[in-house]
Amino acid sequence: MNKTVTINIAGLVFHIDEDAYNKLDSYIQAVRNSIQQESEDEIIADIEARIAELFSERIDPQTGVIRMNNVDEVINIMGKPEDYIIEDDEPVRPNNFSTTQKSYKKIYRDGEKRILGGICSGLAHYFNIDPVWMRIIFILLFFLYGLSFVIYLILWVIIPKAVTVADVLEMKGEPVNISNIEKQFREGVNNSYQKIRTSGSSAAIVLKRIIGIVLIVFGVMGIFGSFFAPVAISLQKNPIANEFITYNEAEVGIPFWGIGLSLFIMCAVPFIVLLLLGVKILSPKVKHIGWVSGVLGFFWLLAIFVFSYVMINIEIQEDKIEAYLRKILITKCLKTI
């Protein structure tokens, strides 16, 4: 006959064997002794919350009692305190024992790196990409009947925010154990100090983000609108205009599709540069933007040269073009008579 004890861990009530309770209590006390930080209470609270979560997953459904084997399994997952002793100026030492826990990612809203609701940043953690690219995807989808706006609101409602350290670790796909919890707290403290030192420039950071987003929006709109410049010419159904195009290809030597392409490049390249500039502002780590802009600038100048060459030749040969078009018009009129 075993004696059971009722305990409360992170607000959850469990019934546990007395021997298992003694081992669990000694474990938590050893963890507390191994932590030498001002944030000790917060770390212990998160560790206890994680232990409560693990117990909830492993509790015997028939008896509802936590056994010694459950405590051993949880300790094996969380790690031994002596393997994670952290001083203020020491890096985290990796554990030297294996664990049966598998790390997996969960989708959360990232409250630390959010611009609005933390959806894009949270999804970026899940798919392991830069948050900037996820924001660009949502901006592009916005022009598809405002689809991204609806999707964003739905995700904001159904995706929980990463509140605890365990949530943040699961969002990043890292195992929730003592080592990572302590590491996350150390990084959080360092980030807090950094925010205090840079609080004076927070307004400038927000302004930069707004400018970056505005540039991306204008860039996407401009690129989309640039498609209509050559398309408008190609859809021209006027017979005289068609004869003019035929004359241009015969006399100037540049096909109509070449003129349309040069017109599109002339219109689109400045907006592409605006888009790249917005991306660079939002994510300074993005590389090769200057090199890409240089290549785009070369093609832009080439397009200006081609289009200008055609327009100048048309201006020089204006009399011949008018005579040619007049002749075509008279011929068509005679045929109709």
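Backbone N, Cα and C atoms are what each Cβ position is placed from, and that goes for glycine too.
According to TrEMBL, the feature domain 'Phage shock protein PspC N-terminal' maps to 105-162. Annotation source TrEMBL lists transmembrane segment at 136-159, 210-233, 254-277, 289-312. The domain 'PspC-related transmembrane region' annotation in TrEMBL covers 179-314.
Count of Cβ pairs under 8 Å against the transmembrane segment (254-277): among 136-159, 210-233, 289-312, the largest is for 210-233. Mean model confidence for the domain 'Phage shock protein PspC N-terminal' (105-162) is a pLDDT of 82.
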